[in-house]
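Trainee: The structure that follows is given in the form of structure tokens.
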Amino acid sequence: MEQVINVIGAGLAGCEAAWQIAKRGGYVRIYEMKPHKKTPAHHLDTFAELVCSNSLKSNQLENAAGLLKEELRRMGSLIMECADSNAVPAGGALAVDREDFSRCVTEKIKNHPNIEVIEQECSKIDDENITIIATGPLTSEALIAEIARITGDGFLSFFDAAAPIVKADSINMEKAFIASRYDRGEADYINCPMTKEEYAAFYEALINAEKAEVKDFEKHLVFEGCMPIEVMAERGPDTLRFGPLKPVGLTDPRTGKMPYAVVQLRRDNKEGTLYNMVGFQTRLKWGEQKRVFSMIPGLENAEFVRYGVMHRNTFINSPRLLLPSYRMKKRRNLFFAGQITGVEGYVESTASGLVAGINAFRLLKGMDEIYFPKSTALGALAHYISTSSVGTFQPMNINFGLIEDLKPTDSDGKPLKIKDKRLKNRMISERALRVIESMKDI
Ligand code: FAD
């Protein structure tokens, strides 16, 4: 009897992983607790349920989400096949009829001769078979205890309280300056100084901005030590100036004086291409974050690669635990895939399922692991989650800040700067797709 690979969770990542294994000739047993038991966000009885928006974001190659989808298509992704065949008109984005999409994935999984579906909640991981855990951000309690046991103390988070992250090259350094408070240590922070008037306008906009809806199952969450910035602001006009926006120990080199208030940004990845806004965890709606935070001097044209969120999200400390194949460093036959690894979003979850599935199959067959290169969106995402981030590990959407930069040169070999951002993104995408073309038969 051929050995079976277990996949736990028939969500976006689990279905993709199962498909990648089965289409290569491997046998899969996929466990799904629906329809007997559902998380507070799942309502359909079928697999790969889109729990909120029905959009899989941009389809354009100038957008990193568009590139990731195209890479998945070329790698023979089940989720992309069903999404494309159940698309509804959505301009440059890919949106789907959520029920038809979910039904399409379910039928393909259930009808595949190499896949056995077991409708049952899983609470234990066996040591014998190769297993992929893909139970998502709302993993059931019974399995959470098992994952905590396997990963070890302190390696599992239960909610995401993340501040927005911006691309470093979109910060206006004519206004912002690099320094550490009291000149301690390296000059690690980018500082956005505010005058009294700028602070007052920002404060008014912040306390009046629209907040995102809080789901019933998230109402009980407490955020000790990481209060939303807008909640802190409501305590009084000066609270932020004595908290995350305190200016003490910082001198604006342009005025030679201490600013009235300062927003600090801290490096978020080793390459220094991404910066997070210190203390800005928030529940404002995304459009409001863009509007209000762009009022901060230096961030007028900031490109937000991730907005701040505060919601329930179960995820492991992947940089400490996983390899770029999504396999556990310390436990050879255990993989994780989907949002539980710290990738964020439908397509990102699918992408990690694809990479984990391919690698689980290769492990079964005694073949070498495959790491997708950082010049591809699939590889950049896997690299982000499996490499120690500079600060606390936080989930991440795919964005061009993660993908290896282009290093174009002129005819004399001198570095060339491509000013047109869309053109540059397109060139990065074309380079990535050439790499994927060479890998699609693995
Ligand atoms: P899921 O798609 O959640 O799949 C996990 C599966 O595992 C589920 O079917 C679940 O029933 C099953 N399961 C759980 N525990 C067990 C167990 N012990 N045994 C067996 N089965 C189990 N991303 C976006 O891109 N756009 C959005 O609009 C969006 N909205 C979101 C809204 C909410 C409320 C949440 C929580 C997340 C949202 N996300 C969104 C983030 C993320 O993209 C989705 O959660 C995505 O579905 C994650 O894919 P996944 O495969 O990791 O998990």
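Each Cβ is built from the backbone N, Cα and C atoms, and glycine gets one as well.
Reproduced below are the annotations present in TrEMBL:
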type	residues	note
DOMAIN	5-367	domain 'MnmG N-terminal'
BINDING	G9, A10, G11, L12, A13, G14	FAD binding site
Trainee: Neighbours of the FAD site G9, A10, G11, L12, A13, G14: Cβ within 8 Å of the Cβ centroid, same chain, sequence order.
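Mentor: Going along the sequence, the neighbours appear as V7, C15, E16, A17, E32, F47, A48, A134, T135, G136, A337, G338, S349, G353.
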Trainee: Tell me whether L12 (FAD binding site) sits in a helix, a strand or coil according to DSSP.
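Mentor: Going by the DSSP assignment, L12 (FAD binding site) falls within a helical segment, counted as helix.
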Trainee: Validating a neighbour-count step here. Other CB atoms within 10 A of the CB of A13 (FAD binding site): how many?
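Mentor: Taking every protein chain into account, the count is 36.
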Trainee: Around G9 (FAD binding site), how many other C-beta atoms are within 10 angstroms of its C-beta?
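Mentor: Total other Cβ atoms inside 10 Å, all chains included: 29.
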Trainee: Taking 10 A as the limit, how many CB atoms besides its own sit near the CB of A10 (FAD binding site)?
Mentor: 29
